[in-house]
Amino acid sequence: MSGMFSGSISETSGMSLQCTKSAGHWKIVVWDEEGFQGRRHEFTAECPSVLELGFETVRSLKVLSGAWVGFEHAGFQGQQYVLERGEYPSWDAWSGNTSYPAERLTSFRPVACANHRDSRLTIFEQENFLGRKGELSDDYPSLQAMGWDGNEVGSFHVHSGAWVCSQFPGYRGFQYVLECDHHSGDYKHFREWGSHAQTFQVQSIRRIQQ
């Protein structure tokens with residue numbers, strides 16, 4: 001898709017779109033031991049802390065429906081892990097692509113607006129939606145290979161759907177989940193990407209599967 005980062009975005013296709021949450025239910029089952037062993041608990045809504053259930057951490061899980069984001073610490077803090085439909089028999093199944101694996105997952109919540117078929121994101125060179133910009137509606141394992149200069153993104157506006165940005169190409173490194181129903185889709189600075197964000201470095205981006 002050569003030239004996809006070179007055009008400007010008109011006001012009618014810009015930041016005025018409303019986010020539509022995907023219809024459906026969310027269900028996740030977690031265990032306190034690897035291999036789906038030990039104590040088990042099922043959720044259909046957010047869990048701010050598995051510690052309150054007597055779990056030290058989640059060590060295996062199955063996502064039965066919907067998309068979820070897991071967090072290293074209670075209260076939706078720390079590293080983020082995208083959890084799409086499927087089985088995760090051990091912690092490295094959800095943290096295998098990160099360069100900074102953490103053997104803890106203690107809170108999680110649904111990604112309500114994930115919509116793989118209708119996802120659109122504008123990336124900006126500088127914070128506060130300044131500088132060069134480009135519009136994305138597909139998965140990009142390397143932004144630089146698609147024409148984006150440098151290895152940083154200053155700010156984002158999520159028009160629709162939910163996205164996961166990664167620090168390095170190939171969806172590696174820290175993950176940052178961006179949703180159209182959080183911050184009104186506006187992420188003006190890396191401080192709004194998550195409590196673990198320390199840099200503007202983003203080199204791959206993909207849509208979250210519902």
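For all residues, glycine too, the Cβ spot is worked out from N, Cα and C.
Since the structure is predicted, the reported quantities are computational estimates derived from the model, not experimental observations.
From the options 101-106, 113-118, 167-172, the stretch Swiss-Prot describes as region 'Connecting peptide' is 113-118. Per Swiss-Prot, the range carrying the annotation region 'N-terminal arm' out of 1-25, 176-200 is 1-25.
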